[in-house]
Every structure is written in C-alpha cells, then in structure tokens.
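Inspection log for the structure reproduced underneath, given as structure tokens.
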Amino acid sequence: MSALANHAFAKMNGIGNEIVVLDLRDVKHVVTPDEARAVASRVPYDQLMVLQPPRLDGTEAFIRIYNNDGSESGACGNGMRCVVRRLFEATGQAAATFETRAGLLNCWQGPAPDLYTVDMGVPKFAWQDIPLAEEFRDTRYIELQIGPIDAPILHSPSVVNMGNPHAVFWVDDINAYDLERFGPLLENHPIFPERANITLAHIVDRDHITMRTWERGAGLTRACGSAACATAVAAARLKRANRIVQMTLPGGELTIEWRERDDHVLMTGTATFEFEGRFEPQLFASVA
Ligand SMILES: N[C@H](CCC[C@H](N)C(=O)O)C(=O)O
C-alpha cells in the first residue's frame, strides 16, 4: 500500500496559486510522479509541496516540489509561503530555514501578521544556468520569437534562473495574448532543454509591474512567485524598474526586493489556508 494512503494533507493557496502541502517528515517515502498525478486528480493543485525529513542541521525539512504533471521543480515561491504559514501556526516560530533542490531558503514573518517573506536566493543569468540550448552572451534579451518572422507576436524575452527556468516577454497589455495557446509552444521550445516558465509582463512604472504566467508542468496559474521574482530582477537588470517593486498577478499582490547588498531576492505576500483532508487509499491503488 502507498505510504500516502490515509495520510493528511492541507489545501492552501498563495495568492491563487493552488498548493497542496504534504508533511511526510514522519514517513520515509519519496512521492513518485504517478502519486503526484493521483493527488492532483483528487485535489487539483498547481504545486504539491512535500516536506521530507531534514538532511541538514538547522533546517526544518527538505522540500520536494511537484507540478501537477508529476515533474519536479527546484523552486516555488508561493508554495513556500504556504509551508511557512503552516509551520509558524503549528510551532509559534517566526523564522525558519528549509532545504530545496535549489539550495537553502530562509523564511520569516513579514511586516504584517498575514505576510510571509521568503528569501529566494540569488538569481542566475548565464545561459548554461538558465539553462539554454545555445550560447547567449547577454540574457537580458535573447533571440526567440513566435509568429510570422517579419511580424512576430512575442519576441526577445529576458531569461532568468530563480531555482527554476523563466522567460519573461515584455508587452504593453498582458491580457492581449492567448497565453494558453502560446504558453505550451514556448514552454517546450528547443531553446529550453529543461523547459521553462513563460511570463507576460508589463512595466507600469519603476515601482510597479503587472504579469501573468504559463507554468512549466502546470499550465496557466493565478500566480507564480518565482516568476514574479524573475520578472522583477529582469526589469531591474534592464534598468527599467527599481530594486523594490510591487507585482500585480491575476491572484493578488507580491512585493519583490532584489537586495542591493547581496543580490538575494526577497518575496513577500500572503498565504491562505483552505481545508485539510486525508487521501483515500484507493486513490493510489493502481500507481507505481
Ligand atoms: N508556482 C511556483 C513556481 C512553480 C514553477 C514550476 N512550474 C516549475 O518551475 O516547473 C511559484 O510560486 O514560484
């Protein structure tokens, strides 16, 4: 029987990014892609955040992050705020450190009781680190376009690795494009050997950016925290925005600071608890 049978989970969201938090610190089990997809069929989510027993002193847990197609990601900013809220409410802590595939993440209570801040680490810009399939010296804009060659619909994205790969297309109107149609084409474009999260962003002014994202492995979401970080950083690199910006996503607001002193990206926003449940054993009857 699957270790997930009868196990408790929490359904949460991070400004509309649908998150399931599964605390497996009591069980030695690594969720398989099949199990992750079975969970998505029971509780639809964008990301499944699994807490595994800590591997390093001083950390609360090793976090594995699954997209609803069963693939794994190195980062999920909105999901981290959900994990953090759950931990802080259970223990009364106001700060914690977690380990993910992308490294250590420090998290703390934000400037108001309902706000949580995640230190998403240092962004990477080298083409090999995004990763891209071919060399680009300057990743502030790369040569990539869709649509007719002489009248491209979307072109010249900025690319950033925030623990996961992101491409950001700068547009005047983020709602003027059929992201559901272009998203999968760009996510799976051969230039991105590990696929990519695809964002449309509009710089309103130096302190404010609006955006929406087609997520690798999850599709259209109401919010993607790591994409908000990637977008804020990319806009600052282009000298088109300040290092502290307000981000408006379809599901809500995030504040992103690309900290001057060490280039760490701090993401602050809310996290919402919805309900708790337990997985029926038959959910995993036919999965590997
Ligand atoms: N929603 C997440 C990001 C998920 C990224 C995932 N789709 C991938 O990189 O495969 C966030 O708030 O950062």
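Backbone N, Cα and C define each Cβ position, glycine as well.
TrEMBL labels come from automatic prediction, so no person has curated them.
Taking Cβ-Cβ distances under 8 Å and a sequence separation of 6 or more, the neighbours of Arg216 (substrate binding site) in its chain are Asn67, Ser71, Ser73, Asn164, Pro165, Glu187, Arg195, Ala196, Asn197, Ile198. Arg216 (substrate binding site) falls outside any helix or strand according to DSSP and counts as coil. Taken from TrEMBL, the feature substrate binding site applies to Asn17, Gln47, Asn67, Gly77, Asn78, Asn164, Asn197, Glu215, Arg216, Gly225, Ser226.
Of all the Cβ atoms in the protein chains shown, 32 others lie within 10 Å of the Cβ of Cys76 (active site, proton donor). For the recorded site, Cys76 (active site, proton donor), the DSSP three-state label reads coil. According to TrEMBL, the active site, proton donor annotation covers Cys76.
Per TrEMBL, active site is recorded for Cys76.
The active site, proton acceptor annotation in TrEMBL covers Cys224. Under DSSP, Cys224 (active site, proton acceptor) is assigned to coil, being neither helix nor strand in the three-state scheme.
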Other than Asn17, Gln47, Asn67, Gly77, Asn78, Asn164, Asn197, Glu215, Arg216, Gly225, Ser226, which residues of the chain come within 8 Å of the substrate site, judged by Cβ distance to the Cβ centroid of those residues?
Asp46, Ile65, Ser73, Ala75, Cys76, Gly79, Thr213, Ala218, Thr221, Cys224, Ala227
Diameter of the substrate binding set by C-alpha atoms, the set being Asn17, Gln47, Asn67, Gly77, Asn78, Asn164, Asn197, Glu215, Arg216, Gly225, Ser226, in angstrom:
16
With H, G and I counted as helix, E and B as strand and the rest as coil, say where DSSP puts Asn67 (substrate binding site).
strand
